[in-house]
Amino acid sequence: MGRPWQPPRPRSLLLLLLLSTLQVQGTHPDCSVILHFQKREAECLERIRSESQTPALPGQEGCPTEWDGVSCWPALPLGQSRAVACPDIPNVFKKSKGLIQRNCTEWGWSLPSPPYHSTCQLETLGSNNDTEAKAHHFVTMKVLYTCGYSMSLAALLLAIGIFSCFRKLHCTRNSIHIHFFTSFILRATAVFIKDSVLFSDESINHCTMSTVTCKAAIAFFQYSVLANFYWLLVEGLYLQTLLLLTFTCDRSYTWGYIFIGWGVPMVTVGVWVLTRLQYDDYGCWDDYSSLYWWVIKAPILLAIFVNFLIFLNVTRMLAQKIRCPDLSKTHKQQYMRLTKSTLFLIPLFGVHYVVFALFPEHVGVDARLYFELVLGSYQGFLVALLYCFLNGEVQVEIRRSWGKWQRSMESNVFNLATQDFTA
């Protein structure tokens, strides 16, 4: 027989809302630019190699295909000209309808006319002071999120230890919390691993790095982020199950929760890795301007959307219970406090992630990094605080164990004193 239903506490819904707002760290726009040119150059060089295997026929001499560092110029017969448009690259070239022309002469390709910098209107580059200020800003941000993830790791490990040590805290609800804590631990660990792989050696350009180690670090990072979002979804599903199914054996859903929390992210990341290997194996796979980034992004947005629907449904059910005439005044006040907490936290329910998802990756980079790295690094600490350290059941068990230990120590001291006196 299932245990009697108990309404979820306000802090459960607070967690459900607060902790769905984190997105994966975005690639800096400079890396996107570098990888864009690297990809275009590789395609052009492949075309050059293919044409070099086919010798030109007599009388068909001209200018071979050439990469000039910005654009790929296809082969052209002698005496003809070709024009290309300005590359459409944010943060490098402003939008321009101008064309750059090159002629095929006896001496080879002519210089681009007019030059790229005049036709394509290069974006204004910052001064050295701006560059130093940005570098200092990113260093400060790294220190802040390193401290945040370190605090989160310590708090989460302590919380898992508390839930594991006290037998009376062993239940499906706390088991789900432990999995949720573990996903935050994996996420923090993945951030540290990714930083150590990509930024440990300043002599290496992390934008052009393309090793198995760095790709594995990025894949592990994506898995930990997905698992974090899907265990948050499991928390929402379990909360709704408590409201809908009053008399049920919640253990029967445990394996389903585990599959959603760990299995779905594993399948998603597996598909993403195979897709990148097959169709977009450039750089270290941290270029989120790639079309294949949606293999990761879409499931995260889906999890947030489903969690938002769960939130609306939970709010609706609580409102119905408040309007119930048979409900006592005490229970109505409890439900009212719960509803006020949930309605107050609606704006925090993944709003910034959804807003950022509607814009290109280069838009709002500073705000995006601040939300995703600095504020997000302290979410694990917030989870441990609300689900464990401020949990009434946990506090009762800790006080009971502390009292038992004190009585045991007093008893030992008394026994030792008695032995000394009788001796």
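Using the three backbone atoms N, Cα and C, a Cβ is placed for every residue, glycine included.
Feature annotation from TrEMBL assigns signal peptide to 1-26.
Marked as domain 'G-protein coupled receptors family 2 profile 1' by TrEMBL: 43-124.
As annotated by TrEMBL, domain 'G-protein coupled receptors family 2 profile 2' applies to 141-391. This prediction places the mean pLDDT of the domain 'G-protein coupled receptors family 2 profile 2' (141-391) at 79.
Among the features that TrEMBL reports, transmembrane segment is placed at 143-164 (among others).
Feature annotation from TrEMBL assigns transmembrane segment to 176-193 (among others). Distant neighbours of the transmembrane segment (176-193): 25, 145-146, 149-150, 152-153, 156-157, 159-160, 163-164, 217, 220-221, 223-225, 227-228, 230-232, 234-235, 238, 257-258, 261-262, 377, 379-380, 383-384, 387-388; these residues of the same chain sit at least 6 beyond its ends, with a Cβ under 8 Å from one of its Cβ atoms.
What TrEMBL lists as transmembrane segment is 229-247 (among others).
Under the heading transmembrane segment, TrEMBL lists 254-274 (among others).
The transmembrane segment feature in TrEMBL is assigned to 294-314 (among others).
Feature annotation from TrEMBL assigns transmembrane segment to 335-358 (among others).
Taken from TrEMBL, the feature transmembrane segment covers 370-390 (among others).
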Margin query: Within the same chain, where does the transmembrane segment (143-164) have neighbours whose Cβ lies under 8 angstroms from its own Cβ atoms, ignoring anything closer than 6 residues to its ends? I mean 6 or more beyond.
Written below: 170, 174, 177-178, 181-182, 184-185, 188-189, 191-192, 373-374, 376-381, 383-385, 387-389, 394, 398
